[in-house]
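Per Swiss-Prot, these features apply:
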- 1-84: domain 'PDZ' (DOMAIN)
- 18: phosphoserine (MOD_RES)
- 164: omega-N-methylarginine (MOD_RES)
- 244-303: domain 'LIM zinc-binding' (DOMAIN)
């Protein structure tokens, strides 16, 4: 619904506009600076400006609206239109009639239950369940106060009950088949038990003992077979690169190197043989094995008198 808003001057006002007749859109506030005068006047993004200082905005361009706002001095009067906020509700069709579904937004009161209020509201005897397996019996006690649950006796009883379920029962409870002493099986077991037995040995020790016994007659006592150590021949470092030597000064080159016709030189030695001009970033020429610049190379390659220099191009 339309409403009037007055912002006290002077500028800045603290909001940003968009739209206008040149954009075929109404003038709309798109941004509000927090803590500004527009925020204090409760302006919101999305508000449509209908008039500025009494002038309607339906025929204003974006630039005209900005000029009208800048012209405001001690105060700025805006007439805005703000859309009403509506709560969405689903449409329910019942017997061919569409009506909105009723929604109750009231909170339901809940009963306040402090901690411990639900423990033993009604006194009941604590009776152990019948037919409990003896192997899985766990002793636990319950009282009105949980302090007694952590006593030493209760902890020991609970631990004992849990261990009884984990540890298997003793073999003495199981019935064993009795063998009469006059039977042949009893005498055989009794004789084998009385005979002296040799100490048990592991499989690897028995194999080692057999190897020692088999070779005892072939070799003298106190000797053993030992393989001669084999020296591994390591090949030379084929991947290592030899240090290049400078073609001019003859010393080794470490670092940057200049290569020309399979010859290496220091960057400072890559100069003309006549004028010592550095040829690193220039053209160079080899004449009779020496390195020259273009000027001295042409001087050394002049044809004899009576001959002319002719440029030959390779055939296509």
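Backbone N, Cα and C define each Cβ position, glycine as well.
These figures come from a predicted structure and were not determined experimentally.
The DSSP secondary structure for residue 18 (phosphoserine) is strand.
For the residue listed as 'phosphoserine', applying a Cβ distance below 8 Å and a minimum sequence separation of six or more within one chain yields 25, 27, 28, 30, 62. Per-residue confidence over the domain 'LIM zinc-binding' (244-303) averages out at a pLDDT of 83.
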